[in-house]
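Let me begin by presenting the structure, written as structure tokens, before commenting on it.
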Amino acid sequence: MAQNLKDLAGRLPAGPRGMGTALKLLLGAGAVAYGVRESVFTVEGGHRAIFFNRIGGVQQDTILAEGLHFRIPWFQYPIIYDIRARPRKISSPTGSKDLQMVNISLRVLSRPNAQELPSMYQRLGLDYEERVLPSIVNEVLKSVVAKFNASQLITQRAQVSLLIRRELTERAKDFSLILDDVAITELSFSREYTAAVEAKQVAQQEAQRAQFLVEKAKQEQRQKIVQAEGEAEAAKMLGEALSKNPGYIKLRKIRAAQNISKTIATSQNRIYLTADNLVLNLQDESFTRGSDSLIKGKK
């Protein structure tokens, strides 16, 4: 650029001596400004830069942090990396230990190791994610999922996720990648296996319901037996009481009449009942004889 400006100045027609000096100063200032602009660059927040020079290649010992930096124009130029963690979703069909097809998806939060950027650039370039992540994720998923049955992938999902995270983190270190988080976002099976699992669950629910009905019937049967035994015992005791003292039935009538009269007394309606309606007839000779015998028996 500076050489072009000098050539342009040489082709200009000669003028007054002062004008030529001013033009040379102007061209010199332009060349200096261009050189300064090309010598300065900025590394933004969350980024790192490395130098590539045209003689020695990538400088292994230079990793530039955020801020303003200088370089030698044409001889050096910066290569800037974004070192912030970025999410990526990767899906992979694989097979379980019992030969069931499993569709599994992972969310991987990854970033480059800032201390190894020069070697990463030499091996992988700037598109390191596309070159590395899909292949190592598929490799680890197939290795881990093959250790579990399809049912275990559901019941032991936390353990499966932990094992995938551990192996994938170690595998990524070989490519200067740091994984901040690995999580299973989707886990699905083939239609045939899903239908078989649903049918099994329905059968288990029906078996549990049948077992519940059987247990309920047994409980009801036991309850009826206990109730029948209680009624038989009560009838037996009542028969013994009547055989020993016929006045017992009269006493039951009195208690029944008391309950009836108490109910009528608390009612807002006025009701008139005869002694017969009260299950109590004081003029009944059998009642009098039974009551007297009851009183004598108590004495």
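Using N, Cα and C of the backbone, Cβ positions are placed for all residues, glycine too.
According to Swiss-Prot, the feature coiled coil maps to 190-238. What Swiss-Prot lists as N-acetylalanine is Ala2, and the listing cites experimental evidence. For Tyr128, the entry in Swiss-Prot reads phosphotyrosine, with the evidence type a large-scale study or a structure entry. Per Swiss-Prot, the feature N6-acetyllysine maps to Lys147, Lys200, Lys236, Lys250, Lys262. Taken from Swiss-Prot, the feature phosphoserine covers Ser151. Per Swiss-Prot, the feature region 'Necessary for transcriptional repression' maps to 19-49, 150-174; the stated evidence is experimental evidence. Under the heading region 'LC3-interaction region', Swiss-Prot lists 121-124, citing experimental evidence as support.
Same-chain residues at least 6 positions away in sequence with a Cβ under 8 Å from that of Lys147 (N6-acetyllysine) are, in sequence order, Lys97, Leu163. The residue listed as 'phosphotyrosine' is surrounded by 19 other CB atoms, counting those within 10 A of its CB over all protein chains shown. Neighbours of Ser151 (phosphoserine), defined as other CB atoms within 10 A of its CB across all chains, total 15. For Lys262 (N6-acetyllysine), the nearest neighbour among the listed modified residues (Tyr128, Ser151, Lys236), judged by C-alpha distance, is Lys236.
Cα to Cα, the residue listed as 'phosphotyrosine' and the residue listed as 'phosphoserine' are separated by 36 Å. Separating the Cα atoms of Lys236 (N6-acetyllysine) and Ser151 (phosphoserine) is a whole-number distance of 62 Å. The region 'Necessary for transcriptional repression' (150-174): residue composition by secondary structure is 23 helix, 0 strand, 2 coil, according to DSSP. Within the model, the coiled coil (190-238) shows a mean pLDDT value of 76, rounded to a whole number. Every protein chain shown contributes to the tally, and the Cβ of Lys262 (N6-acetyllysine) ends up with 10 other Cβ atoms within 10 Å.
Counted within 10 Å of its Cβ, the other Cβ atoms near Lys236 (N6-acetyllysine) come to 10, all protein chains included.
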